[in-house]
Amino acid sequence: MNEAAKTLDGWYVLHDFRKIDWNSWKTVSASEREQMLNEFEALVSKWEGTEKAGKGSHALYSIVGQKADIMIMLLRPTMEELNEIENAFNKSGLAAYMIPTYSYVSVVELSNYLAGDSDEDPYENPYVRSRLYPELPRWKHVCFYPMDKRREGNDNWYMLPMEERKNLMRSHGMIGRGYAGVVKQIISGSVGFDDWEWGVTLFSDDVLQFKKLVYEMRFDEVSARYGEFGSFYVGNILEKERIPAYFHI
């Protein structure tokens, strides 16, 4: 049997996509809308407190296109906490005017493909910890997509020897490093959690960089031979102070 890559696992992640039922929302009185938005902002304030305590992170995004209107991205130490937050939101007044369109459950992951030899506990390394337990950047734009490694005929990633996979991932990673400071990415593993094997979340202040990065990686062997991709979602950061304006009728 081939050697499996070892992973370091951090916070659990929920990407929650919703459409807004604008027609129904328009029928609600201004005072009721205000009450529901106040309730939602109170939930977001609670999430902010968790983030300040270093026990999780979150961000809201306005999604472009018809796949969804809103994406809520949540990171927490346990799957139970994600479930509690999801249930609390579903019981809120605002959620009654939202239609779930997609969700993705995963855990922030670092693999040993690019790791060097060291006897230290990686969970005590500040750099590693910052990647496993990240505070989501408040950059202008987000791009999310799920992906698999292909398992077909001669293009079976899981049948390649470990050293070959390491070399391929090293080359693949060099492309990403070329976008350091321009694009931040969070890779989250979802084998056994969701329908794809990984979720990729990209952040940037220049939305065009998503296209440039993904296109350049298409020519790398890891993507060209072994990558399979799901739907792409792109959107813009929705800060708490902009929530009332976003839902204003």
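Glycine residues also receive a Cβ, built from the backbone N, Cα and C atoms like all the rest.
The feature Fe-coproporphyrin III binding site is assigned by Swiss-Prot to Arg131, Tyr145, Pro146, Met147, Asp148, Lys149, His172, Gln185, Ser223, with sequence analysis given as support. Among the features that Swiss-Prot reports, active site is placed at Tyr145.
Here the features listed in Swiss-Prot are painted onto the structure.
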residue: Arg131; record: Fe-coproporphyrin III binding site; DSSP (3 states): helix
residue: Tyr145; record: active site; DSSP (3 states): strand
residue: His172; record: Fe-coproporphyrin III binding site; DSSP (3 states): helix
residue: Ser223; record: Fe-coproporphyrin III binding site; DSSP (3 states): helix
Chain-internal residues, separated by at least six, CB under 8 A from Arg131 (Fe-coproporphyrin III binding site): Gly10, Val108, Leu110
Under 8 Å by Cβ from Ser223 (Fe-coproporphyrin III binding site), same chain, sequence gap 6 or more: His172, Met217
Have a look around Pro146 (Fe-coproporphyrin III binding site) and count the other CB atoms within 10 A of its CB, chains all included. 23
A correct count of other C-beta atoms within 10 Å of the C-beta of Tyr145 (active site) gives 19
